[in-house]
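> Take a look at the following structure, please.
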Amino acid sequence: MANSTCPLLSGSNSSESKLPPPRSLDETIEQCIGNFGWAQFLQAALVSFAWVFDAQQTFITVFTDSQPTWHCLDSDRRSCNSSSNFCTLPNQTWSWDFNPHVSIISEWGLQCAGSLVKGLPASSFFLGCLIGGLALSTLADSSLGRKNMLLLSCLIMSLSSMLTAFSTSIWVYAFLRFLNGFGRATVGTCALVLSTELVGKKWRGQVGAMGFLCFTLGFLSLPLLGYINNGNSWRYLYVWTSSPRWLIVKGRKEEAVSILRSIGSNATTMSFSDLCLDVQESSNPDVYDALRILVKKPWSLRRLLAIMAVGFGIGMVYYGMPLALANLNFNLYLGVVFNALSELPAFLITFFFMNTIKRRDALIGFTALSGISSVLIASLGQKIGSLQIVLELVSFFSACTAFNMTLIYTIELFPTCVRNSALAMVRQALVFGGVFSPVMVAAGRENQFWSYGMFGLVIGLFGLFVVGLPETRGSVLCDTMDEEESRNLTKEHIIG
């Protein structure tokens, strides 16, 4: 008969010789629910769908903020030609190819404004992501919980996106983009952690990759929407993408045992009282306690700074490449389609090979490949446009794969009590790299070294910070800081 004195979420005071050793939460969940089942797949798919909306709002400015094409009027061919700087031409000598409302540039007469003004909305979005991450990320680990935080983030994004369609000036527009980024900051973090925490370690990488697939689908939907909307107001794009598919997420106060029973895939009559779990930290941290805990330990601070440095370099390329497509001698719509499609092989690599790939080696390899390809783009200039787009796709694909692996690697580097906050900080570093991208893209219109050249140097050099991180492939997730530290000491003792 099973020992009923050992509850699921506590240790036992009985004789140590008669009881099995305490299990971690990761091991308990895996024993209760098995490897992977349809109920878990459905839960992960519903949660991951939030990434579709995330992708649409992240890259929508590629179309809404682009500079439309223009032409000279027939009556003024002598003073106007396609190579002219239309900022120096009289207004009556040229005209936009489409209705001025197709872009904020033509609608508000920003064609001759400085690069900082043109890039303000995109930079405001990423700045909102930074501030929103600092303000909201730790709430998911403490008072609100991941599910409520995810719903709140989707609500903020939806309302701000709808309001953006009614912007009256670039300043209002930039503010609403900032608000949209503020809400978007925690979507990916909460969705990724929610979908991976209640699966066994064997399937954690694959389940985490589901979110990346949904992000790819959201990215891929943008050129389709942009092409359908070609010639119409940019405001329609924000209306069409303002309604997220609300996740079927019910209350956050279900008992842990009930959750394990409902999603369990093991056809077994296991008694949950048979399971013993040693949990040392039972209380939720305060709003900023998770970050304090994270930086208090030297080993966790070193890990956080190193993986954030890697994320900064990856984020600059990942968010900057689609924005810089207009600087290449290639069709913008096809370029965005190819960029979105290049995320699919990145997803497949993450999904099928995450269990066999060494995290450190893979990150070094993909960041180096992305950096070399990006530098070659700047070296070629506009001479060979077809080769440029091939190198751009190689660089973006490598950055996408590194992006996906960095997030999953972060989950494995930190224990449960601070995992959401650590993941949020890494996403902050990724977004921080994106803040600089619009400025560098604007500077690269005259000299591509300042865009593609700098992209390559930054991702290549910052990718080397991964060398100081431990390998986590196949490791069991720890629940507390003390448990993680004890495992680190054990590994060091074995190696020594």
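Cβ coordinates are placed from backbone N, Cα and C, and glycine is handled just like the others.
What TrEMBL says about a protein is an automatic prediction, not a curated fact.
Per TrEMBL, the features are:
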COMPBIAS  1-17  compositional bias 'Polar residues'
DOMAIN    40-471  domain 'Major facilitator superfamily (MFS) profile'
REGION    1-23  region 'Disordered'
TRANSMEM  120-139  transmembrane segment
TRANSMEM  151-174  transmembrane segment
TRANSMEM  207-228  transmembrane segment
TRANSMEM  304-321  transmembrane segment
TRANSMEM  333-355  transmembrane segment
TRANSMEM  362-381  transmembrane segment
TRANSMEM  387-410  transmembrane segment
TRANSMEM  422-443  transmembrane segment
TRANSMEM  449-469  transmembrane segment
> Establish whether the number of Cβ pairs under 8 Å between the transmembrane segment (422-443) and the transmembrane segment (151-174) reaches at least three, counting only pairs separated by 6 or more residues.
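As far as Cβ distances go (cut-off 8 Å, pairs 6 or more apart), the transmembrane segment (422-443) and the transmembrane segment (151-174) do not touch.
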> Which bits of the chain, at least 6 residues beyond where the transmembrane segment (151-174) starts or stops, bring a Cβ under 8 A of a Cβ in it?
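Cβ under 8 Å, 6 or more out: 50, 53-54, 57, 104, 108, 110, 117, 120-121, 124, 136, 144, 180, 182-187, 190, 235-236, 238-239, 241-244, 246-247, 249.
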> Report the listed stretch (120-139, 304-321, 362-381, 387-410) having the maximum count of Cβ pairs within less than 8 Å of the transmembrane segment (207-228).
387-410
> Near the transmembrane segment (362-381), which same-chain residues lie under 8 Å Cβ to Cβ, leaving out any that are not at least 6 residues past its ends?
310, 313-314, 317, 387-388, 391-392, 394-396, 398-399, 401-402, 405-406, 409, 448-449, 451-453, 455-464, 466-467
> Using a cut-off of under 8 Å between C-beta atoms, tell me which stretch among 120-139, 304-321, 387-410 contacts the transmembrane segment (333-355) the most.
387-410
